[in-house]
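S.K.: Sharing a structure below in structure tokens format, with a few things to ask.
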Amino acid sequence: MTRPIQASLDLQVMKQNLAIVRRAAPEARVWSVVKANAYGHGIERVWSALGATDGFAMLNLEEAITLRERGWKGPILMLEGFFHAQDLEAYDTYRLTTCIHSNWQLKALQNARLNAPLDIYVKVNSGMNRLGFQPERAKTVWQQLRAMRNVGEMTLMSHFAQADHPEGIGEAMRRIALATEGLQCAYSLSNSAATLWHPQAHYDWVRPGIILYGASPSGQWRDIADTGLKPVMTLSSEIIGVQTLSAGERVGYGGGYSVTQEQRIGIVAAGYADGYPRHAPTGTPVLVDGIRTRTVGTVSMDMLAVDLTPCPQAGIGTPVELWGKEIKVDDVASAAGTLGYELLCAVAPRVPFVTT
């Protein structure tokens, strides 16, 4: 038998999450963001569950080619655009929509020999200060692109830095308004947070990412608990060992957890080499045999320890949910001082995946 840890993906839930996104932004078309190998879920495993989307958005050229080879004929948006001028040959062949965010990309696109124009997303820096043209340059760039033979349909895009805050997009929207004054253009502005909480920014295309996978863009599950969104991934394992310890005994590397009275400890086949966060402290929530309990001690490479006090019936082979439908990945991440995004993306290659 194989080691009991596995990641289960509920593709029906993913379809439902996409439907919830459509209800949240009924007038907009949807780019389903599948970057980072579909946020760790595996693009080849999940793309068909998102088949009702209007387009896929990603970074990796190889993944875009894979989608085309699997039969996807709709739009594919490359969120960071092409990384080298020679990539444009593949963009042309596979009909990819490219982001343009830098002067060198303008020149490369101008000089490329394409069979047909490419659709373009012009990225404006609205305050994130990663990629994009400054607002005062946007109209000039737009006009340059509009004059190019290699350019098809154009859309203006930006990315909000603080859309998870109620007033978080005001300054960004002001910058975008400055950039587009006098322009007649389509817009794609809304990430997951703006899709849920800022309908004034939906415009023509929304770009949901983490919410398609059932985690919160704010990092707090309570913020999406009433939306109907559900986790797609369940990371589960089993108890492979049990220790009955006396008061004063310690658990794990460094002896970070000390037993205060006789206590049963379960050892679970999951550790940081599987993608479980090493810095998850004692008290991180976990589900054992359907009962909520906690981790104790330091997470090891291949194992972690849990308190069996609330579930005295648990023993060898008892199922453990590390995160999923009951133990939200956002709650585990919060305990470990990170975000659900990171944990989902960090599930290790050695963990087998199953889809339902």
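Including glycine, each Cβ sits where the backbone N, Cα and C put it.
Not my notes, these are from TrEMBL:
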type	residues	note
ACT_SITE	LYS35	active site, proton acceptor
MOD_RES	LYS35	N6-(pyridoxal phosphate)lysine
BINDING	ARG130, MET301	substrate binding site
DOMAIN	232-356	domain 'Alanine racemase C-terminal'
ACT_SITE	TYR253	active site, proton acceptor
S.K.: Per DSSP, how many helix, strand and coil residues does the domain 'Alanine racemase C-terminal' (232-356) have?
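M.R.: So the counts come to 20 helix, 45 strand, 60 coil.
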S.K.: Could you state the whole-number distance in Å separating the C-alpha atoms of MET301 (substrate binding site) and LYS35 (active site, proton acceptor)?
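M.R.: Between the Cα atoms of MET301 (substrate binding site) and LYS35 (active site, proton acceptor), the distance comes to 27 Å.
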S.K.: Can you tell me how far the Cα of LYS35 (active site, proton acceptor) sits from the Cα of ARG130 (substrate binding site), in Å?
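M.R.: Between the Cα atoms of LYS35 (active site, proton acceptor) and ARG130 (substrate binding site), the distance comes to 17 Å.
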S.K.: Far apart in sequence but close in space: which same-chain residues, 6 or more away, have a Cβ under 8 Å from ARG130 (substrate binding site)?
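M.R.: Listed in sequence order, they are HIS159.
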S.K.: Along the domain 'Alanine racemase C-terminal' (232-356), what average pLDDT does this model show?
M.R.: 98
S.K.: Taking the Cβ of TYR253 (active site, proton acceptor) as the centre, how many other Cβ atoms fall within a 10 Å radius?
M.R.: 11
